[in-house]
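Only one structure is covered here, and it is reproduced in the block below.
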Amino acid sequence: MSHPTAWPALTGIAYGGDYNPEQWPRDVWREDVRRMREAGVSLVSIGIFSWALIERSEGEFDFGWLDEVIGLLHENGVSVDLGTPTASPPAWFFAAHPEARVIARDGTVMGFGSRGMASHSSPAYREAIVRIATALAERYGDHPAVVLWHVHNEYGVPVGEDYSPASVGAFREWLKDRYGSLDALNAAWGTAFWGQRYAEWAHIGAPAAAPSVVNPAQRLDFHRFTDHQLRACFVAERDAIRAHAAQPITTNFMANQSWTTDLWAWGREVDVVSDDHYLWAADEDAHIGLAIAADLSRSVGGGRPWILMEHSTSAVNWQPRNIAKRPGEMARNSLSHVARGADAVLFFQWRAARSGAEKFHSAMLPHAGTDSRVWREVVGLGDALGRLGDLRGTEVEADVAILWDFESFWAQDLEWRPTDDLSHQERVRAFYERLWRDGITADFALPGHDLSRYRLVIAPAQYLLTAADAESLTRYVAGGGTLVVSYFSAVVDENDAVHPGGFLSPLREALGVDVEEHLPLRAGAAASVTWRDGASLRAGHWQEALRLHGAEVVGSYADGPGVETAHRAAITRSRLGAGTGWYVSTRLDADGLRTVMADVYADAGLTPAATPEGLEVVRRRSAERSFVIAVNHRDEDAELAATGHELLTGVDADGTFSVPAGGVAVIEIGTTSGGDR
Amino acid sequence: MSHPTAWPALTGIAYGGDYNPEQWPRDVWREDVRRMREAGVSLVSIGIFSWALIERSEGEFDFGWLDEVIGLLHENGVSVDLGTPTASPPAWFFAAHPEARVIARDGTVMGFGSRGMASHSSPAYREAIVRIATALAERYGDHPAVVLWHVHNEYGVPVGEDYSPASVGAFREWLKDRYGSLDALNAAWGTAFWGQRYAEWAHIGAPAAAPSVVNPAQRLDFHRFTDHQLRACFVAERDAIRAHAAQPITTNFMANQSWTTDLWAWGREVDVVSDDHYLWAADEDAHIGLAIAADLSRSVGGGRPWILMEHSTSAVNWQPRNIAKRPGEMARNSLSHVARGADAVLFFQWRAARSGAEKFHSAMLPHAGTDSRVWREVVGLGDALGRLGDLRGTEVEADVAILWDFESFWAQDLEWRPTDDLSHQERVRAFYERLWRDGITADFALPGHDLSRYRLVIAPAQYLLTAADAESLTRYVAGGGTLVVSYFSAVVDENDAVHPGGFLSPLREALGVDVEEHLPLRAGAAASVTWRDGASLRAGHWQEALRLHGAEVVGSYADGPGVETAHRAAITRSRLGAGTGWYVSTRLDADGLRTVMADVYADAGLTPAATPEGLEVVRRRSAERSFVIAVNHRDEDAELAATGHELLTGVDADGTFSVPAGGVAVIEIGTTSGGDR
Amino acid sequence: MSHPTAWPALTGIAYGGDYNPEQWPRDVWREDVRRMREAGVSLVSIGIFSWALIERSEGEFDFGWLDEVIGLLHENGVSVDLGTPTASPPAWFFAAHPEARVIARDGTVMGFGSRGMASHSSPAYREAIVRIATALAERYGDHPAVVLWHVHNEYGVPVGEDYSPASVGAFREWLKDRYGSLDALNAAWGTAFWGQRYAEWAHIGAPAAAPSVVNPAQRLDFHRFTDHQLRACFVAERDAIRAHAAQPITTNFMANQSWTTDLWAWGREVDVVSDDHYLWAADEDAHIGLAIAADLSRSVGGGRPWILMEHSTSAVNWQPRNIAKRPGEMARNSLSHVARGADAVLFFQWRAARSGAEKFHSAMLPHAGTDSRVWREVVGLGDALGRLGDLRGTEVEADVAILWDFESFWAQDLEWRPTDDLSHQERVRAFYERLWRDGITADFALPGHDLSRYRLVIAPAQYLLTAADAESLTRYVAGGGTLVVSYFSAVVDENDAVHPGGFLSPLREALGVDVEEHLPLRAGAAASVTWRDGASLRAGHWQEALRLHGAEVVGSYADGPGVETAHRAAITRSRLGAGTGWYVSTRLDADGLRTVMADVYADAGLTPAATPEGLEVVRRRSAERSFVIAVNHRDEDAELAATGHELLTGVDADGTFSVPAGGVAVIEIGTTSGGDR
């Protein structure tokens, strides 16, 4: 089951980070490579913001300094992930092509001096990115140091949407492709509402600022279009590189941190998934958000190992309060990513920048230099990863799938939903966190995927669900699966139009219930549920009036408007064929969700892990070998049941292993230090 | 006293809603009319957003589908309120006339894709609305189904102000009409302040974004101008229709929900007032806001019956949390409107839209279909209204007037007032709510109205008061009336200039007091008042330093800066001629206001109703007949003292009648089921 | 030590305010001068917003009314501070020069109708201001009533930054002057970051709206440029006046209320400093902010007496809640300013305006007229100031300097700093308030100033510190000074680039410590410190990981991330040569700061005053005479130790003097009523 490592031609877990030698004089370059060797760095990403230094004016290239840097790295055994610098065109580009600037929704023209300024629909920009990508690939396509291509940077961040004339024109063409006829577009967008019918293609614009809410189907299509344009730029660069280079090509995603790109589609275009992940500092359990990002990165890549392209050694610089990582936290974060399928641990960035917008972002080599906690931990992590080479190429296995559908999220986030308290992120996190605390590893999936290999599928926020996808989920249940659907799901179709049969009607067969009316609550109102054993579960923000079509009521509203509905039904369970469909119509708190999920697990034949809460345990395996990675987020040591060889300490575990407070253990199951496996 | 029903040529209380058949296929139309009959629907509003479907391109009309719809309704006994679709011009209009788009104060051009996009000062728009209104009137002016014309939709919402060049040019012309000379304008605007003197008409602009606060008199005039332009558009359409049609003509107001139009002026232009009203969901007593809206609708129409053009069967879709109505609430809301003078109960909308920005707005026929609480209540309400036909044309009587002056509200809401805590809405609601809870029905009025028929006049927030209006109020007191004036009143004249004699000076004679200095409080500071009997009344946010000119001090400041003023005077009472003038210089809470108003009632010869709090009781009567409508907002039954025939149940009340919890009773006084009246 | 009073040719403390006769008819003028005499007014500022009335159209002047006003004032013994009206060009100017309008960062064009609308880089504006200033100086340069020139009004307020094409062009020229070469600019701005290298001067723009954070060095330079452009306008007007007039020339600053102008540079350009100060009403101790402003005004003028050009008799009109002053507060405020070096007490404004944006701003003659508390206090203050003429020209002495560096503040306020909780204002106020409560008077200073005459120098927020300035501070310590540095200091150089040696490294020698890592805290987290005597000091928001280089640890982190650092060091003390360097790495609360500063005072040889808290005591002296001014902010009388003649009451103090609650005393030390000094 181990994957061929088509991607970076390296052994073991790759280690390193973004490297920006153009910010430093040459004597610092020499110190850099010496320190990279000291830290065990094997891979650095370069050139990501170097356009102005490579193409000094249009068509005039200067590769000298880049040749020198790559040569120096190569001599020192550090491989190169070579970036295309297209996230930040040079000043001369915008001076020559002012029409290529992004225009914001309110008409503000986005100026130079930051990054991400170019319209992805601009012909001039499209031409320029192919030119620079081609030039780089021609020169470095067969350089032995270059093992990977890094196209652009974080597509969709800081801006994706563009209301420039070029974008509007491209949007019309995209709509012609999608709909074929104006009648089809008018039907899909429901333009009979508010008198918006289009009689000419030329009359259609981007959904710019307007006196009131703009057509939601138009806005949803503009999300799709924006994603398409970004991806078209990636594909153009990728193909330009491929014409001259054989190395794998990637671009860095921002899974669980940006929602502007449909990573399922992007996952099909890259040779290997790579991801940037930064802790959300206000969240004291930010490592759970990290786990979501890692599982999502793995899932959009079809389960194959992936590259953690960027994370931070300590604080970032762009949050309201940028909390430094505590001692040991960087290593725990890194190994959580590895546990969930990363075969590379890279940072932004190698050396802290003295100037610019991100000077307060931490780095492997901080402003404080090598006499620092951060540097010592960086060296220690390099050493630890060196002991984990055998993990490379192994797979993470999961019995549960959580639905994660960008189109649905885009649609749900449009204006004028029933209450501001709806949040797909909140519910995905709530269900994921329940699994995380129960020691159950999950994949993410689309509703249209083949889900039959999962014991349990959870739909925390599937607001948009097409009829075809609803059929897919229904087949999953009928085939013996356990499905849990949370409220405000299956509300609209692909055009953000309410399903003809009403809310939830596409899943009526699978769940035995549908929704008569949404019952959002006033701020602070309680909405408790009486569970079938009489226990009271706390909930809030949302209730629904349910109509039963065969489901049994397992939880009933004890207060809130749901009390006045026909059956007081809050949580239902229904059998279909060999499977079970659960529906949860309110926002349960963590304890309430624990109660419900315990019964769901029983239906699905799942058993929560017996590990102490806060000890994160994930398994990776190949056809022959099996590893347990245990990350202890607790302030005290935790016992792990395992027999085998612990790779970081070299100590054998004989049935149990004590993972130190704040530490990590990686045990190859069934082996001993004798070395026989 | 019963009014001739010049308006909808229907019998009884009209029932129905907005109907948008263009959103549905023809088989749904046939189901619609069948269901309308089932629900007792007698009147629907159509065509409000149909411009693009009627005028397919400039001057090219397609009436076929509309003929068909009107015919189908007519065959099924449903009358038509025919809309002009001018709130939402077609895409082709803006493609041909991009200069007709509204420009926001900061220069943002408002695009297509929403509604309300057109500049009301645009010559192209003016021409187009007359063309479409004329075409509709020519075609349907003598159609037997059409009983009412519904011009445009909610003027001033979502935008009223427009900073386009056409608007700026029209503003200059409007100013020439208003002032005649630049000297008069410079004087009225006080342009000597901050060096703003105009030497040429052509130099005057709209009060667009500027580095600091813009001239308040200019802004106030721009409010007046905006209102004037909106109304000019209405008049143009109305007159175009009238040239070809005899039916009454209206447009739907948003009383107590939008403050951009001066409904007193609009009330003079429409044949019948109609109003849209939506509960403010965050307010648990939103039915009091409803009562304000209903009383205001009646008042701006001169007391004549009016049309509730839109309300909702359950939740709306545009508030932060859109709370569904509870069982029975829709009927209570509807009958509160009827009690306060509505002779028609219509909803937005008949059938819930699948697509568009308002798909989550409730409807008579919800997404859930007819197997739903909402549908069953809709049918029940149709049945109930069918029993109340005798109310039609009767009048609501009130002994109290509350001043409601849009110009004063516009002026008060300008920037840089003494404290952000000032709110005319808050004070109007506070005094109105006191009356509501005391079972006293009020009209609204302007200070310049003939108020002599009222026992009590309340000025909760008359910041702007002209000298002439002040004289009117003074005459009212001298003539025996009781006047209550709340703080921050009579501060400025019609140009937002402080009265030469200082704050409150125009009412010095009527009240025996004026204001030396405003004393706004810091956030959270207390400002209690000692009442003449020694009781402590809670207050906050605001105090004033008063100078007595004959008034007696009936309440004194016990804390806050008012303590350090000459007389500590907080609340005063003064006699003038046969009348009494009260002044309340601080923001009393509900209990404090109750104490004060009890003594005010005594001065005015008013007696609060003896009904339980939460039982809303209003009377309608004609020359011959008298009705009591009682709406029980309580969770328990309430006893009403009445003798007569209860129309909904057919039961006779013999001195007392038990109104069920959450229910309504309508009793014709003095009649019995024997039928003799 | 008494200064030559080159400035207003008046005797005693000047008294008066802004006077806007153009807002009133001539009969009011006559009342005005009569009332001015009644109140003891000696100086009024006129013409500040009169451009449109003086230059009726381009080049056409009308001085008639101004001649008349100045003549009338002169006849009545009131001197004139003559304004140039350039803060508010006439409407005709913008009609002729629309390109001279300010453009905001997002592209919004700032319109007419307010004030401060003109681009300070516009050639048309530059020409116009010289024309009007010249015309005024030619006409009034030798008028006996005119004793002072008041150029423009509050430069930088309401806007300073301008993104118009004229401004962008001027910015490029300014950059050429500053950097000489593009290589130098690229290095200073660190344009290698995010690929921002410039190859042509013409490609450089203002730091307008962009998709993400704009280059911070560019933004810092744009602050410098903006300040430069404003000052260039002042200099142009000043020089135009000087060509025809000999009177001193000033412009009114907004010390401690606006941070857009570098007052140290402005202080060098004016003949006399003048300042506007308004209490921040939400602050119950706003008189401490007043004291900061007064000390800063004195300091930027090199210690010379200055003019309080504007303050308010009671409430202002532009704050969220505009709190009226309490009885006596106006006099306390005025005499606090005098105590700290003001030799003139002027108000905005003489007579309350009936119209315009500031009609609710208090005045010497309020809307309520002369039968008012405010007027009576105005007359009383005029009388009191008349008794204090001997203070004129004396100096305030201070042993402590607090660093106040506008460039550092501009840099710190840029985006993406470690936490939103950083605030230079907060820390300056915290340290200043500690001194204020301890009765210790402070100057403000720049780090590059000669500080050797101060016993103690405090750097509350010196984020930006050049290497040269760090050497200056180090020399100060080595020379025997006591230096206290607060956290987040010495982080970057003049280009907002982190110092090569890391945070605080430029002060490593002076303080014996540097900073390994910033440790901002989550919202609400505690960060207490254990003091060397075991006491617990409360802190919050911020900690740092310190590295000791010779300093002793006098306070250690007891909780928060600092606990996990090498030494837990929170507060350190180090000896260098004859001096001492303190470093405080966390945000202590007021009590914590008291504990630390008590030991700091001991090092510096300072003794806190023994006066009761809330009794503000400041000393002014000349070579021969010495005065104590005591302002009692308490609700009860306070005893002041002093011997001498109290000037307001004429009573002698023999060792002690009781300053009444809310009152003020001014004692000439060592004199008696006998009159011999």
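One is the number of the first residue shown, and numbering goes on along the chain from there.
Glycine too: its Cβ is placed from the backbone N, Cα and C atoms.
Secondary structure at C:Glu154 (active site, proton donor), as computed by DSSP, is coil. What TrEMBL records for C:Glu154 is active site, proton donor.
Residues or ranges marked as active site, nucleophile in TrEMBL: C:Glu310. Classification of C:Glu310 (active site, nucleophile) by DSSP places it within a strand.
Under a cutoff of 8 A between CB atoms, and with a sequence separation of 6+ in the same chain, the neighbours of C:Arg115 (substrate binding site) are C:Phe49, C:Ala87, C:Ser88, C:Asn153, C:Pro158. Marked as substrate binding site by TrEMBL: C:Arg115, C:Asn153, C:Trp318.
Per TrEMBL, domain 'Glycoside hydrolase family 42 N-terminal' is recorded for C:18-386.
Here TrEMBL flags C:398-606 as domain 'Beta-galactosidase trimerisation'. The average per-residue pLDDT of the prediction over the domain 'Beta-galactosidase trimerisation' (C:398-606) is 97, rounded to a whole number.
Among the features that TrEMBL reports, domain 'Beta-galactosidase C-terminal' is placed at C:614-667.
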**Request:** Fill in the CA-CA distance, C:Glu154 (active site, proton donor) to C:Glu310 (active site, nucleophile), as an integer in Å.
**Result:** 10
**Request:** Report, in whole Å, the straight Cα-to-Cα distance of C:Trp318 (substrate binding site) from C:Glu310 (active site, nucleophile).
**Result:** 15
**Item:** the domain 'Beta-galactosidase C-terminal' (C:614-667) - residue tally per DSSP class, helix then strand then coil
**Value:** 0 helix, 35 strand, 19 coil
**Prompt:** Across all chains shown, how many C-beta atoms besides its own are within 10 angstroms of the C-beta of C:Trp318 (substrate binding site)?
**Reply:** 15
**Request:** Check each of the recorded positions C:Arg115, C:Glu154, C:Glu310, C:Trp318 and report back the ones whose Cβ is under 8 Å from some Cβ of chain B.
**Result:** C:Arg115, C:Trp318
**Asked** Can you tell which of C:Asn153, C:Glu154 has the most other C-beta atoms within 10 Å, given these are the recorded positions?
**Response** C:Asn153
**Asked** Hey, what's the widest CA-to-CA gap across C:Arg115, C:Asn153, C:Trp318, the substrate contacts in the record, in Å?
**Response** 17
